[in-house]
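Peer 1: Okay, here's the structure, questions in a sec.
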Amino acid sequence: MVPLLVIIGPTASGKTRLATRIANEINGEIISADSRQVYRKMDIGTGKDIAEYQIGEKNIPYHLIDICDAGEQYNVNDFQHDFERIYPEIIANGHVPVLCGGTGFYIFSLLKGHAYASVPVNEALRKELETLPAEALLIRFKQLDSAYRNLADTSTRKRLIRAIEISDFLIRNPDADLFEAKGQNKYNPLVFGLNPAVETRRERISKRLESRLQNGLVEEVQSLLNGGLSAEQLIYYGLEYKYVTQFLTGELTYNEMKQRLETEIHRFAKRQMTFFRKMEKDGIQVNWLPEDYSECEKIQAVTEGYNNFTSRLS
């Protein structure tokens, strides 16, 4: 089996650019592991950077971007199902699968297994939730700030109650190990990570946010609202969509929106790195690329590492 190359990193780390250039070198196809880039017409806020997938005259094939309409449900189970379909297709094409993204839970679910099913039932909580209407359940779920918030399937009342139950458990038990180590992963993954210095990352985030605001982010959110999505639906997607929606509905001034959004993106990047470090503690080896490497050195390190890894498996 052709090994799975994985590129991880927090937002604004340059992982998409690096992954596409590596794919260009090793004849790869990108599989996106981003929980929001699956949605059509959510381009600027999710940072799709489609231009990165064109190198010279060559278009790098990519998957799991623009596959759902905004407002549809898409969760980790859908991601796993889609990955299982796409992965063998890439192999059959004679290409290398390159998984790249910042949704750590999606990546972890492939490498270690999805185990939220192991969260115990909370009978007292369920009894309380059963008395609430669906609207109140959804509001309550959105108020729970857990890693499961943007991953859960809330399409039915039953699933919504379970999502609240899981989120409540994660908040009360932040160190719970829900993943049991498997044997040799069937994808033979080789994971590389990007982790810019905090100040570098913060500077990139601030500059990128300013660029997005100047290049149509507000207009993108307004277009989604005009297209029929409710403010509540957009706020659910968090970050850019939450705060720009609150600005457009008059809840925040422009400066308040910008300041809060920048602060939350910085916090989001920190949470991403915390999750990636937890992945390491849970048995996933991440080869962190030195920050002072040039882009060419990073490409060389990954391509040589992947080729050597492949040779050892042969």
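Each residue, glycine too, has its Cβ placed from N, Cα and C.
Dumping what TrEMBL says about this protein:
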| type | residues | note |
| --- | --- | --- |
| BINDING | Gly9, Pro10, Thr11, Ala12, Ser13, Gly14, Lys15, Thr16 | ATP binding site |
| BINDING | Thr11, Ala12, Ser13, Gly14, Lys15, Thr16 | substrate binding site |
| REGION | 34-37 | region 'Interaction with substrate tRNA' |
| SITE | Thr103 | site 'Interaction with substrate tRNA' |
| SITE | Arg126 | site 'Interaction with substrate tRNA' |
Peer 1: Between the Cα atoms of Thr11 (ATP binding site) and Thr103 (site 'Interaction with substrate tRNA'), find the distance and write it as a whole number of Å.
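Peer 2: The separation of the Cα atoms works out to 10 Å.
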Peer 1: Hey, how far is Thr16 (ATP binding site) from Arg126 (site 'Interaction with substrate tRNA'), Cα to Cα, in Å?
Peer 2: 41
Peer 1: Can you name the residues of this chain that are 6 or more positions from Gly9 (ATP binding site) yet have a C-beta less than 8 Å from its C-beta?
Peer 2: Lys15, Gly102, Gly193, Leu194, Asn195, Gln272, Phe276
Peer 1: Using all protein chains in view, find how many other C-beta atoms are within 10 Å of the C-beta of Lys15 (ATP binding site).
Peer 2: 20
Peer 1: What does the structure give for the C-alpha distance between Ser13 (ATP binding site) and Thr103 (site 'Interaction with substrate tRNA')? Integer Å is fine.
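Peer 2: Checking the Cα atoms of Ser13 (ATP binding site) and Thr103 (site 'Interaction with substrate tRNA') gives a distance of 13 Å.
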Peer 1: For the ATP site given as Gly9, Pro10, Thr11, Ala12, Ser13, Gly14, Lys15, Thr16, which other residues of the same chain have their Cβ within 8 Å of the site's Cβ centre?
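Peer 2: Sorted by sequence, the hits are Gly102, Leu194, Pro196.
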Peer 1: At 10 angstroms around each C-beta, which of the binding-site residues Pro10, Gly14 has the fewest other C-beta atoms nearby?
Peer 2: Gly14
